[in-house]
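Trainee: Pasting in a structure now, in structure tokens, and then I'll have a few things to ask.
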Amino acid sequence: MSIYPDFAQVALRPQNHGADLVSATTAESAQSPAVILRSSAAAAFCGHPEGWGPLSPNGRADVTPCFLDSMIDVVSVALVITGAIQLYLYSRKKVYPVSKNWHYWTKLLLVGFLIASTFLLASFQYDSSPEWKADIRFWTPILSCVALAVAFAVHHYEHARVRVPSGVLLFYWAFYILIHGIQVRQIVSLKEYREFLPRLVVCCINLAIGIAVFALEWLVPKKWTHYSALEDDEHQCPMETATVFGALTFSWMTPLMKRGYKIFLTEDDLWDLRRRDTTHVAEHRFKKAWEQQLKNKKPSLWRAMFRAFGTPFALGAAFKVVQDILAFVQPQLLRILIAFIASYSTKGEEPQPLVVGLGIAGSMFVASVVQTLALHQYFQHAFETGMRIRSGLTAAIYRKSMKLSNEGRITKSTGDIVNLQAVDTQRLQDLFQYLNQVWSAPFQITLCMVSLYQLLGPSMFAGVAMMLIMIPVNGVIASYMKSLQKTQMKNKDSRTRLMTEILNNMKAIKLYAWGEPFKQKLDHVRNDQELFTLRKIGVASAYASFTWASTPFLVSCSTFAVYVLTTKKPLTTDIVFPALTLFNLLTFPLTMLPMVISSVVEAQVAVQRITSFLVADELQEHTVIREPAITQYGHETVRVTNGTFTWNKTDPTSNCLKNINFTVNKGSLSCIVGRVGSGKSSFLQAIVGELFKREGEVVIRGSVAYVGQQYFIMNASIRENILFGHRYDPQFYQLTIRACALLEDFDSLPDGDETQVGEKGISLSGGQKARVTLARAVYARADVYLLDDPLSAVDQHVGKHLIEHVLGRQGLLAGKTRIMATNSIPILQESDRITLIQNGEFVETGSYDAVVAAKGQIYNMIRHLKTAKQKDGDDSSSDEATVVGGAGSEQNSQYASSEEDEVPELTSAATPLETLKPRRSSLRRASAVSLNRDRRKIMDEEEGATRTTTAKEHQEQGKVKWSVYLEYARACNWWGVGLYMVCLVASQVASVGGSLWLKKWSEVNSREGHNPEVGKYIGVYFALGVGAAALTVVQSLVMWIFCAIRAAKKLHDKMAVSIFRSPMQFFETTPAGRILNRFSNDIYRIDEVLCRCFHMLFQNTAKSLATIVIICATTPPFIIVAIALSFLYGYIQRYYLRTSRELKRLDSVSKSPIYAHFQETLGGISTIRAYGHQTRFVKENEFRMDANLRAYYPSISANRWLAVRLEFIGSVIILGSAGFAAISVSSGSGLTAGAVGLAMSYALNITQSLNWIVRQTVEVETNIVSVERTLEYSSLPSEAPDIIPTNRPAQSWPKNGAIKYENYSTRYRPELDLVLKNINLTINPREKVGIVGRTGAGKSSLTLSLFRIIEPVQGTIEIDDIDTTKIGLTDLRSRIAIIPQDPSIFEGSIRDNLDPRHNHDDTELWNVLELAHLKNKVSSMDGQLDAVLHEGGSNLSVGEKALVSLARALLTTSNILVMDEATASLDPETDAALQETMKDIGSTVVTVAHRLRTVMEYDKVVVLERGEVRECASPWELLREEGGVFYGMCEASGELESYREVARKRFEERGRGAEA
């Protein structure tokens, strides 16, 4: 029996209700030989009278049964192929111990039953048809069985291997249900069940089972392994478990969108990254690819990026192909629709049935929806690629900066490197989001041309010719813009570098009152260079926009003109509007191609910069041979043999160390002595491998701890600075801080050792920084200690304590190898060996006793200082808080380890040294803390409830206030904004006018049957098109020159002024990276991104409004749909904006810690390398990058979530306009084909416009945040005025230099304690006053108060009877000379460093250099006064930097000189010479002194303790008071008698001078 009943038999049966239909069909077939032939041909393959179809020839609104079978076969074959690939991939995955539960068994049983029932259908056909071998009706069930067997295998394999339902299966079951549902409906429609009911029953069962399996696969979540308990399910990225439908529609984002709509999102609401998106994975992939490239002669960053990140990029390209093809299916469907509409108005043609029109509308809708899904998968993959490129490159740049040699570092300043990270990687990320357009745009243009050829024939070649003419024009503009972009990148670098320097040295700029010259320098770079170039870029962009805007129009105009002039056919609506749609589609690739080419050009500059950095010179490998630690005392731990080293390997004559031979044994202390610039610090850096080794050998056995002369203090708590990545051991930690005399400091600090020290330890004094870095070294429990003069910044009695308890023979490090660069005499007496370095060579060496006996150069240095007598045993007057407790159980606790050293017992200072006995104590090596950080924390530097926490970056919440938009518009200039809007509207009107004119022209041609008045119609069309393009140019010029650049200048200027005027409190609590982020990233967005976003937004909004108006005018019923859709559109957009806005802000705020950490790392790179902590810092960088990506990834996904939904609305608009047009024309409305063509040509582009509106709205919201952030920093609290015109001191003020403090109290910030309390102090004219006291007593605060760096809480300071709070800050600060504690050196010439205002001539400059003992140094440099100093003065020693500060002070004609621990880093000889210079200065001198000897010859000494004046008198008077604080300090130093002698002599000299 046949499954399909014989139609002839059915026709004979009078009972058959379908007999009329069949009879008619038979009759028609009898009349048509073609139908008979087709049926007979079909019978060989199909066996059904309707044949292959696809549409039924019998008037049914259905496909034929055989065509439906072929569709089932297509789905089956697709599953067999994709399922086989899926099985192969599953077979390589790990199998988890997942129990086979009801979910697993039910699916397999149902699929197994389905295989059997499908086979049953084949057996039905086998029984009923003798020709079953050649009949698709037999083979379709067989092929379905094969496919179902593959589905069975995939279901089995996926159960224990993946959590996510198989996408292959979900699509298969979805199509299975769809096609089998149509099949069941067809059987019922043809009433086949009357002839053979079992087939319908089996098909219904199969359909029900298909629905059940689909529901089980899609809707029932799998019960996963117990291993999932180890995963952070709560914060797992939902994309990990999203089904293929969820991935395509981005519905996995919906929970976050809902949450964001209800509450303001915070970092705690964000998910973790997928593993493949983490910075660690991205950097690992890039590193592998880059290492491959480094094997080539010319490594290519492009190839490395494609090799590392090409997979998601290629996948995105595949989706782009689908989207491009579907975009060009639409014009073909439009042509069919216009033909359908025209069939109702063309005489002699029978109107097509309504179902055809609705079918066309439905096809356009489906094509539009699939196009949307493909487009956004492409975008998602492109954005993911960009994200991974940025994170991979940023991590690679960070890692490279860890290895950069001195030569490499000289050419790359901190600002340059931060720019690479902030700007260049961002450019590459932005490029890769659209890079597929490089091939996609030509592909779209080709498709467009092929389609146009079908429509217009050879006439389209006129359009091709026009495009070829425009390509070189665009090329010239693009190359010009490339050169401008190169210039602009250099300008940006200059500004970022200058801004970095200003921020790093803001304290010095304020002290010297140099705000104005540095502001002028910044203005010059910004206004005369950067904005000048930006103006040129704006003009070039305007002309580029003209060529881009006019190209599609010129193509269409020339094509239509040639068509009407060369063919006799009329240019009708069914040609014009599909062609117009194609020309509109052509606009996007023609616009994007030059933009992408220009972006590639810009990116090429970034690629070259990054490449040059990544191939920059690295530290010499194997400079230092590292060997295992030794345990035996007296064995060699460090050896340098015949060592010659240099800072600059390119200059063969620049060896800074020559012929170095040096060995040191375990347990010994070696001191390196020498004058400023002789090479002491260089020697220590050579040992850790920082210098280039020309020849020789350096061997170190064991781990290294390094204390540099420039202290590396992280922006963290003191405890974190001391632990430095090691595990916290409370007992040894207590031992360390006691030995380093930090206990009293912790008592006086607001939060003890949890006090946040700020950037570069800004809230600590120099002495505190020195002891914190020393404590870090001690806590590390290394084998070899390299110490670069840690005693220079501490008071003498504290220095003595550190020698006794840390550095000396009885100190905590006694069992370790210590190499110390120093000029401190007390430590020389403790040392096992002293080595003198001169001009980079060791000239003398020996033990302390030996060098004294030899009476050589070292002896002369010691004698020159009138070395003190041997130390007293009794130091009972020493400050108790600095003393380590006696030998108790605490001391004997176990700390360790694999390596234990003999460490002398630390006792109270009162115990005679000779009674000490060594003990076995545990200086085991410190174990590193785990690098696995809590992933929920983002900005670790900004957490905690302590009073000294770095202020968290202010983050607005909610909608960006309208006031921000208004402020931006005001900055742009209202007239400019108004003119721009007028040009925009006029341009859009001209564009729509051109389309309406075409409509009129084509309708006239259709009516007349030929092309009348060609010249008139082409002329008007050309005028309107050129007018629209010309208005676009005016628009661009107005936007750039009158709006964007003006706003950029105003906003930057306001922020810069505000920063210069901010009090130091702001810089102490705000990381420089955060401020720099606003001056680099935010200003870049305001300069170049924001105006473009507004431009695109306004253009697309105008285009969309024009489209809606045209559609509503054509088909008025659409107004109802338009209103409903606009409400839905607004709701979705608002729903989305709340979430997106907060995500963008979180993204923006989480960038600052990346830059701050990067800058901090660059500042302490030698310390990090010496400790070998590069890996930990790299991990920290990765952690901060991931914290940013956790906000960025949902942010881009939210864009896709929204766009898919909004473009669905666009698809509904297409469906509505096409559907209403079909219904309207079929109901006799008289709607013309021209009107429908015009409306649909616009409607087909509305999805793109709607998408762009939303994306640009988001971009505007995102980038206007930069304006918001800039405005925030433009209204910071300000210092007192620079000048008060009504109260300016006389030009000669201060004439005498008298200073008077009255009841003066101050604090650094409102929430902190007072640092100076009720100070009453009078300093007479020309008096030399020394300020002494323990570290943290308030010495530096007293000097800062003079300059009003900190303002009084109460009381006053008077200078020559003028209250300093009543005059302007510039008037005050410029009249007082200062040599600050931390010398600031600016990048530039020596002349600029001494005199940035250029007020002094060369003679004066050479004079002060001679007084500062720098004349010889400067004379030997290339360029002399114009010799270039590198960033931070890296080509000067610390001592030389201090001398530059001294020269600056001497250049200031002032009767008051303040010296804040200014000579601490100088050798004794240079210090003594400078003190002689000071004696000859006839000014009031206020000196904060560490070396008590310095103040012995002063007129007065002020002793501070805990912010109060404890003693104030001449040194001699204070030394006669035996119970006094000053007396105790001198006694503790061991030089009491010599001090007494000096003070007495000075006192007597003053007395004689007074008598005379």
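Yeah, the Cβs are placed from backbone N, Cα and C, and that goes for glycine too.
All TrEMBL annotations are machine predictions without curation.
Quantities reported herein were computed from a predicted structural model and do not represent experimental measurements.
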Trainee: Per TrEMBL, which of 317-338, 977-998 is transmembrane segment?
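Mentor: Transmembrane segment, as annotated by TrEMBL, spans 977-998.
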Trainee: Among 102-124, 136-154, 460-481, 977-998, point out the range having the most Cβ pairs under 8 angstroms from the transmembrane segment (196-220).
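Mentor: Ranked by Cβ pairs under 8 Å, first place goes to 102-124.
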Trainee: Mind pulling out the one from 314-602, 979-1262, 1299-1531 with the most Cβ pairs under 8 angstroms to the domain 'ABC transporter' (638-864)?
Mentor: 1299-1531
Trainee: When each of 102-124, 136-154, 1018-1045 is checked against the transmembrane segment (166-184) for Cβ pairs under 8 Å, which one has the most?
Mentor: 136-154
Trainee: Averaged over the whole of the domain 'ABC transporter' (1299-1531), what is the pLDDT?
Mentor: 81
Trainee: Determine which recorded stretch among 102-124, 136-154, 1018-1045 has the most C-beta pairs below 8 angstroms with the transmembrane segment (70-90).
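Mentor: Looking only at 102-124, 136-154, 1018-1045, the most contacts with the transmembrane segment (70-90) come from 136-154.
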